[in-house]
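Colleague: This structure is in structure tokens; I'll ask about it shortly.
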Amino acid sequence: SFQLKAEGQKKLLNLTEHSEIFGYKTQGCRRALCIAGYILSCGALRLLFYWKPEWDVWINCIRCSLEEADIVLLRTTVGAYFNLLISPYRSDYPATEEDSIFSKAVMKPSLLVKTIQVQKIRYVWNDYAKQFQKVGVLEDHYTCSAIHDKFGSGLTCNEQNVRRVICGPNTIDVPVIPIWKLLIKEVLNPFYVFQLFSVCLWFAEDYMEYAIAIIFMSLLSIFLTVYDLRKQSIKLHKLVESHNSIMVTVCRNKEGFQELESHYLVPGDLLILKEGKTLLPCDAILVSGQCTVNESMLTGESIPVTKIHLPQADNLKPWRVYCAEDYRKHVLFCGTEVIQTKADDRGVVKAVVLQTGFNTAKGDLVRSILYPKPMNFKLYRDAMWFLMCLIALAAIGMIYTVCVFALNGVREVVKKALDVITIAVPPALPAALTTGIIYTQQRLKKKGIFCISPQRINVCGQLNLVCFDKTGTLTEDGLDLWGLLPSERNCFQNIHSFPADHGLPWGPVFKALAVCHSLIVWEGKIQGDPLDVKMFEATNWNEDQESTHATVVRPGLQATTAPVEGITILHQFPFSSALQRMSVIAQEIGGDTQAFTKGAPETVAMLCRAETVPSNFESKLLLYTAQGFRVIGLACKSLQAGKPPAALTREEVESDLTFLGLLIMENRLKRETKPVLEELSAACIRTVMVTGDNIQTAITVAKNAGMIAPTHRVILVEANEGPGSFSASITWKFLEENKIEDYRGLDDSQTDPGIRLALASGQYHFAMSGKSYQIVAHHFRHLLPKLLLNGTVFARMSPSQKSIPNEFESECDFQALKVAHAGISLSEQEASVASPFTSRTPSIACVPELIREGRAALVTSFCMFKYMALYSIIQYLGVLLLYWQLNSFGNYQFLFQDLAITTVIGVTMSFTRAYPKLVPYRPPSQLISPPLLLSVVLNILFSLSMQIFGFVVVQEQPWYSQTDIHSACLSVNNHERNSSSSLGLHGVRDGAHEQTDNGFKSYENTTVWLLSTINCLIVALVFSKGKPFRQPIYTNYVFILVLIGQLGICLFLMFADIDGLYSKMDVSIVPKGIFFLLPEAVIENRPLWLLLKKTFQYHSKSHYKRLQRVLEQDSAWPPLNETFFSDSVAVTVEGNMGGHSNPTFDSNEDSL
């Protein structure tokens, strides 16, 4: 698990993401100095260390080797640090296994064990290798035969005790977090700490109303957050609670069977699986017998899965390497339910414990919820940079304030300078990014789309590629039998169509349909793979599972007359996605034993004797797959008596077969598939199909669905490995379409200018199989980015391969959902907790809906962020302008802007819904981008010029007087008012001298405040953009009414003649004509930005955009009717585009 990286001090961990680990030793004198610092700073230093744990370690400790360390510091690839305490404890049991980690973890002679825990996973110190090593798992180096020999009889008591001490209990323990812990963690968030600082400062300045309002909103926000977290904690605790209290039976070496609680299980224990339903408390390798398991927790599909025992292969390869992708067929996963067991000749069903606790499949699922992958979306990084810019702006304002007030001999300079920070950096700024997400999440919920990772909603606004599975996603879940094409004596016979008036005739093909499946009787119904169900129902036979050792199928009431009483299924080799086939060993009651195989036609044909395969096999297969049918190949062979079925290997059974024919099944497109794909295509969002089906079938479905336009060309990419897998070849050729156009006959693709023109304009699609994809990834890695850029169909892909092309969104499999930027599960099973989104309706119509809402949420986040930033800058400019005259806004002026204007606008601006149409371009994803910066800068300049203009113009008026603040009232109304409109130095008036002029002129104050307030309303209107990503602003009735109401209040303050109101709001009377000089034009950034891009020839820096431009200029791409060899071709690609990496694995989403 660990690899030495820097001798003695730094090592590399292989966790879910690569991490570096550093050793540190606590030093007493440093610790004492830090404690003194905590006291002298009134806890501020401790709070800083709470936010930055690495600083705590660096200051309190000194670097040392991991062997001497008592604290380790973990650094992940995304830059996060974790400090972990090394926990030494004593083992009371001497280790007896010489070559095992369980022996090397116990230090001699002290019998101490040193451990660390990283995200619930335990690591122990290997005293021999001088490194930490993960425990709780069976070592990977064991071969198949070693697992049977070493663990087939169970562990001794001493071995079990040592493993229990080192691995810890087999529990997925998620305690309910106490409310006080959640409260403290939430309150110590930097956002709330800054709010606390702001509130204290406002109380010191008697700005109590807004301070109380902020306290109330903060407490409400904290309460709601803590309530939500507590609710999630209880829900997760209940999810795993039952896992920790299961009674199991284990086999002890020389002691027989023993009943114990599941939390005592350790890796290597021999588990006995009894009849009846059993919830698995750990991951285990089946070593004898056969099981049927409900894996809906992992796959999201309630389809029974058959598990077979690990073969006793005498091979030097580790068992996982030997089994390759099929290792899952031998593993029973934690959290899944065993619904049926079948013992073999050895008596009972046994399984060796593979992984315990949080190392298990269910534990990994829970860990993905407890420790979600950090979002590295550029929007949030830009927001932090923008926040830093505002802090820098506040620092400039503080220096300006200190200089102005100090030079004029004014006291309380510090308070005024600190006040600038709360003005320039509004406390609600980080929350502004989440408002749109909250409302969008509620709208999605109403539409039946649930989200467990709200931050990914914004990511959905940037999606430009969607990967779909075929069966059940683009097409209907169920398959319909269309026909059966039997083969006899090397020739295809007449096709048997379904439904037919007469039943299938008795023969080998009939027997294959009756037994070659993995169906079981569960809860009174025959259940299993939909394909198997349809195939078995066509025979009108019934399944009988009274026997625990074998399954028996018998003729039903409506079945064709058969010369046998029934057929017994003795052994199964379940379907393997890597092998693309399944097989069974069956025996007629009182008859001979036979093997039956079904799977991908081309794979089955290769396993058959050549003389039994029809000569026109390929043309017949192409005929049906080109029409979009799903075709299954059938084969059989007779087995010699004598060797028990369980002792036969898969290679022995699946060789020298007799080809029986083709089963043709129809898989119709869902009604909504084509309109959805057309909508995505019109929005310039690429759609890709990743399926396990035949490549020709997948291409036909892609064409019928509109994924491939009728005028576009399909290029098949075929890669093959040479002998020894040291070299490979790759060939590009046009797809033959019903042999009407034979493009293979073209010596050079340029002989047809029309074809080359279509290719040059990008009107082509690559299609490849999973096998070709693996070879290209291994031997032609430099070509992979080019192929993925136009790859549309990926067929015969295994579940592990499905996660590779999914660079943006996936609906394929559980594994693919975990690596996609925004996976959507069309299932409500428990597995959907690992997918950010779950659609209640099993339809891809949720995809454009999610993209629409994601775009609207992203734009809303930008609008809110820009508005909050502009509002603070407008207020900041106004206050600094008034500071020049030692003046400022009054408390009620601040209160009106902060509470009545900004808070209400912040709440209502996000009500605007998503625009119903997807436009062919995405909203910007960066705050630090030219269009958005241009918008902000232009608005800042407009605000600054407007405020300076008002500030200067009011001083030029004939009624303006520096000494008599009532001069305007006398000149306009010809009578004197007793109201005071000046603002004191501290922005407040003493209540006892309310009518006394404090000596500071307030014409400028009134002018600047009203201008800045109306400017805030203008900015809110300008930034509340509607089309093309949100509905027009006038559809947000609440927001429009709020703006009209706020503007009405401003006008009322301008024209009203109420002394008490003017006195309270600290405004004076100014002739109204000045405020009609407010010009405003809505700034439309996109046309201006497009003009600037064209003028300065700016091009996107995105890797795939750069590669797209390179390929458009490359007249030799794509190569046609050519074959390249891996040892003779070298294609260079500029920059770092030569290598392919999935951004989801690297946690790098800059490309968005």
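Yeah, the Cβs are placed from backbone N, Cα and C, and that goes for glycine too.
Because TrEMBL annotations are produced automatically, they should be read as predictions rather than curated entries.
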Colleague: Name the residue range among 37-55, 1006-1024 that TrEMBL annotates as transmembrane segment.
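Modeller: Within the set 37-55, 1006-1024, TrEMBL attaches transmembrane segment to 1006-1024.
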Colleague: Which range is it, out of 180-199, 420-439, that shows up in TrEMBL as transmembrane segment?
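Modeller: My reading of TrEMBL: the transmembrane segment range is 420-439.
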Colleague: Do the transmembrane segment (868-886) and the transmembrane segment (210-229) come close, with at least three CB pairs under 8 A (pairs 6 or more apart in sequence)?
Modeller: no
Colleague: How about the transmembrane segment (210-229) with the transmembrane segment (1006-1024) - do they touch, taking at least 3 C-beta pairs under 8 Å (6 or more apart in sequence) as contact?
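Modeller: Checked: the transmembrane segment (210-229) vs the transmembrane segment (1006-1024), no contact.
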Colleague: Counting Cβ pairs closer than 8 Å, which of 892-911, 1006-1024, 1036-1056 has the most of them with the transmembrane segment (932-954)?
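Modeller: Looking at each of 892-911, 1006-1024, 1036-1056 in turn, the most contacts to the transmembrane segment (932-954) are made by 1006-1024.
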Colleague: Could you put numbers on the helix, strand and coil content of the domain 'Cation-transporting P-type ATPase N-terminal' (134-207), residue by residue per DSSP?
Modeller: 43 helix, 2 strand, 29 coil
Colleague: Same chain, outside the transmembrane segment (383-408) by at least 6, Cβ under 8 Å from its Cβ: which residues?
Modeller: 416-418, 420-421, 423-425, 429-430, 433, 865, 869, 872-873, 876, 880, 883-884, 886, 927-928
